[in-house]
Number of protein chains: 2
Amino acid sequence: MIVTPQTMRFDQPLTLQSGAVLPSYELVYETYGQLNADRSNAVLICHALNASHHVAGLKADANGQAIPRSEGWWDNMIGPGKAVDTDRFFVIGVNNLGSCFGSTGPTHLNPATSQPWGADFPVVTVEDWVDAQARLIDALGIRQLAAVMGGSLGGMQTLSWTLQYPDRVRHAVVIASAPNLNAENIAFNEVARRAIITDPDFNDGHYLRAGTIPRRGLRIARMIGHITYLSDDVMNEKFGRALKPLVDAARTDEAQAIERLAYQYSTQAIEFQIESYLRYQGDKFSEYFDANTYLLITRALDYFDPARRYGGSLSQALARASAKFLLVSFTTDWRFSPARSRELVKALLENRLDVSYAEIDAPHGHDAFLLDDPRYLAAVRTYFERTIATDLKGEAA
Amino acid sequence: MIVTPQTMRFDQPLTLQSGAVLPSYELVYETYGQLNADRSNAVLICHALNASHHVAGLKADANGQAIPRSEGWWDNMIGPGKAVDTDRFFVIGVNNLGSCFGSTGPTHLNPATSQPWGADFPVVTVEDWVDAQARLIDALGIRQLAAVMGGSLGGMQTLSWTLQYPDRVRHAVVIASAPNLNAENIAFNEVARRAIITDPDFNDGHYLRAGTIPRRGLRIARMIGHITYLSDDVMNEKFGRALKPLVDAARTDEAQAIERLAYQYSTQAIEFQIESYLRYQGDKFSEYFDANTYLLITRALDYFDPARRYGGSLSQALARASAKFLLVSFTTDWRFSPARSRELVKALLENRLDVSYAEIDAPHGHDAFLLDDPRYLAAVRTYFERTIATDLKGEAA
């Protein structure tokens with residue numbers, strides 16, 4: 001499956017939750033599969049912190065040929081014959097407002113100043129993203145989505161769809177998510193933001209004008225993030241206390257890793273493999289991710305809290321929903337623990353909604369929602385085949 | 001109890017685990033209570049990351065008067081009539097090498113250059129600290145300690161005492177500790193260190209010469225630390241998703257906190273109380289703690305691993321110990337979880353050593369070892385009264 005992103009421009013102003021107005025914006029998106037005749041088989045995929053519209057398939061190069069190893073971030077889940085089967089469903093991946101992967105965001109020009117928006121880009125919320133996505137769905141001629149689906153922050157968007165546009169979502173697939181962030185989640189986001197904002201190269205968020213990039217802060221933010229994505233167990237299994245191997249420079253044929261047993265006794269050298277892994281992840285991230293986008297997206301996470309307008313009652317907040325739900329959580333996910341998904345299940349059941357819930361005993365922590373756990377993929381496949389597909393008009397169940 | 005720190009100078013070179021030699025050094029210490037005639041009632045307290053020799057009592061001002069609110073960090077545990085009763089025991093608090101509270105460390109002058117040591121201060125380990133402490137105990141004329149006691153990193157020093165000087169420790173009280181750091185622990189330390197080292201004001205660790213202080217990095221390090229000291233539950237209870245209150249500037253009598261319900265929609269302003277708490281903790285820490293000390297102490301934590309020389313067998317590593325042990329852990333401590341204490345208990349029992357173990361059901365996370373949980377304080381008191389005190393010669397049990 002080779003895909004090319006498309007861009008949709010919206011010239012009608014979008015009023016955000018904050019009251020700010022975005023005069024116009026563009027959304028970048030990809031689609032996989034074919035929209036059926038009655039436009040009833042569309043599935044919208046919402047992305048999490050550092051992902052994009054490139055959900056599945058391989059990217060095309062200038063000649064339309066597949067770029068190797070350019071698979072979308074949920075390619076193990078979505079594609080022909082996969083759990084979300086693009087032979088049957090028309091799947092849409094969309095990049096969110098404020099992101100740095102093509103949709104209008106802080107690296108784009110502010111039409112009022114002809115300078116990059118930078119820190120002046122308005123704060124966007126989960127609700128704002130859903131409003132913007134709904135216009136894309138309008139423009140694609142789709143009245144009702146067969147499903148909205150997402151993991152983590154994408155699960156929050158999915159939940160918000162069922163509250164903002166209840167009659168436009170038949171099914172909501174909410175994976176490794178939560179009804180809001182808890183204090184510890186907010187705390188980790190805040191430390192990451194402070195690392196970015198206090199980096200001298202941040203220049204009050206106008207680093208593009210200044211010709212700098214707050215790479216130090218981005219590295220720290222990503223290292224913190226990575227620790228919270230993995231479970232304690234999987235970190236111990238993958239890295240434990242193993243020392244970073246030496247590389248034998250004398251071997252000219254191929255770098256040869258030599259197991260190292262002695263400490264270097266240094267506070268700055270890389271001693272342990274886990275340190276090497278984290279620094280690598282931080283370096284890589286700081287090369288491609290926009291710092292203002294990081295601030296915006298973590299803030300959207302912090303702000304999401306549908307129960308807030310209902311005195312904290314999640315049950316009341318979900319009274320507007322009419323979709324059917326599949327929720328999935330992972331036992332070792334300490335960022336969005338199963339207990340948070342169970343809160344959602346309880347509040348949905350209190351509203352007498354149809355809810356399926358799978359709690360997967362997986363070792364990988366929050367990252368599990370992106371990985372190939374067979375029970376997890378089977379649970380999603382089964383839900384799509386036996387529940388969502390049976391709703392499709394003009395198709396045998 | 002008003003206390004004044006004392007300083008002991010050691011001119012005999014100390015060879016460190018790294019092979020480096022410290023030509024001379026000073027240790028700052030405090031003592032509480034009286035050493036008995038046969039010098040059998042001494043208890044050594046080992047400190048954790050950001051603590052010091054000031055364990056109990058109030059500091060004295062220049063006139064020998066008590067400074068209000070200057071209680072030692074374990075004043076709830078140690079003092080006349082307290083769990084560790086200074087009417088009965090002679091308690092010693094000592095500041096570790098490499099620290100920034102008086103004992104020789106990176107802020108002191110390197111005799112070879114007459115400049116502050118800075119990043120050139122040698123890497124010190126838990127074993128090095130214990131060796132240095134043993135010389136202090138020698139100088140105080142104490143052959144055998146009634147007990148060594150510590151929490152967290154202090155517990156590691158306590159454990160190491162029983163292996164390095166088995167015949168000099170009758171009892172070891174190891175609280176909220178672990179036989180080594182796991183990958184996640186090392187990961188958090190590494191992120192904190194990177195935040196400090198990549199702060200432009202770090203100046204390769206020679207910031208004192210440069211006239212700068214890497215405050216940004218210290219703030220981030222401390223914020224990360226604080227998240228790991230608290231349990232998820234206690235964070236939710238103390239802060240939850242509550243917004244930071246406004247202060248009514250019109251009230252001239254006293255600052256009046258006004259509950260705030262509306263978001264400010266900002267990535268940089270303080271929205272949530274947890275953010276305010278963390279920033280305050282970070283700011284405070286950055287005013288008094290030395291950055292090189294932070295690197296050294298976290299590295300000492302990383303390096304500690306007595307089982308390492310025994311192919312990972314903790315049981316073999318502990319074969320040298322002959323002390324009796326009290327271990328305490330706290331159910332919500334995810335930094336040094338009860339499972340890590342149980343590993344120690346198991347390995348000690350495999351060596352047929354006397355072990356008492358209390359797993360306290362406390363909500364406060366790792367911080368619990370410094371707090372006033374009555375069951376915890378009672379467990380320590382009982383052990384000191386019924387077990388340690390009965391060993392004292394010339395005193396009725």
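Indices start at 1 and increase along the chain as displayed.
Cβ atoms are placed via backbone N, Cα and C, with glycine included.
What TrEMBL lists as domain 'AB hydrolase-1' is A:41-372. Annotation comment: TrEMBL describes A:Ser152 as active site, nucleophile. Feature annotation from TrEMBL assigns substrate binding site to A:Arg222, A:Asp367. The active site annotation in TrEMBL covers A:Asp333, A:His366. TrEMBL lists A:Arg335 with the feature site 'Important for acyl-CoA specificity'.
Shown here: features listed in TrEMBL, placed on the structure.
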residue: A:Ser152; record: active site, nucleophile; Cβ neighbours (10 Å): 26
residue: A:Arg222; record: substrate binding site; Cβ neighbours (10 Å): 25
residue: A:Asp333; record: active site; Cβ neighbours (10 Å): 27
residue: A:Arg335; record: site 'Important for acyl-CoA specificity'; Cβ neighbours (10 Å): 23
residue: A:His366; record: active site; Cβ neighbours (10 Å): 23
residue: A:Asp367; record: substrate binding site; Cβ neighbours (10 Å): 21
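In this structure, A:Arg222 (substrate binding site) is part of a helix by DSSP. Taking the Cα atom of each, A:His366 (active site) and A:Asp333 (active site) are about 4 angstrom apart. Of the recorded residues, A:Ser152 (active site, nucleophile) and A:Arg335 (site 'Important for acyl-CoA specificity') place their C-alpha atoms 9 Å from one another. Taken residue by residue with DSSP, A:Asp367 (substrate binding site) is part of a helix. For A:Arg222 (substrate binding site) paired with A:Arg335 (site 'Important for acyl-CoA specificity'), the C-alpha to C-alpha distance reads 15 Å.
Rounded to a whole number, the C-alpha distance linking A:Asp367 (substrate binding site) with A:Arg335 (site 'Important for acyl-CoA specificity') is 10 angstrom. In three-state terms derived from DSSP, A:Arg335 (site 'Important for acyl-CoA specificity') belongs to neither a helical nor a strand segment and is classed as coil.
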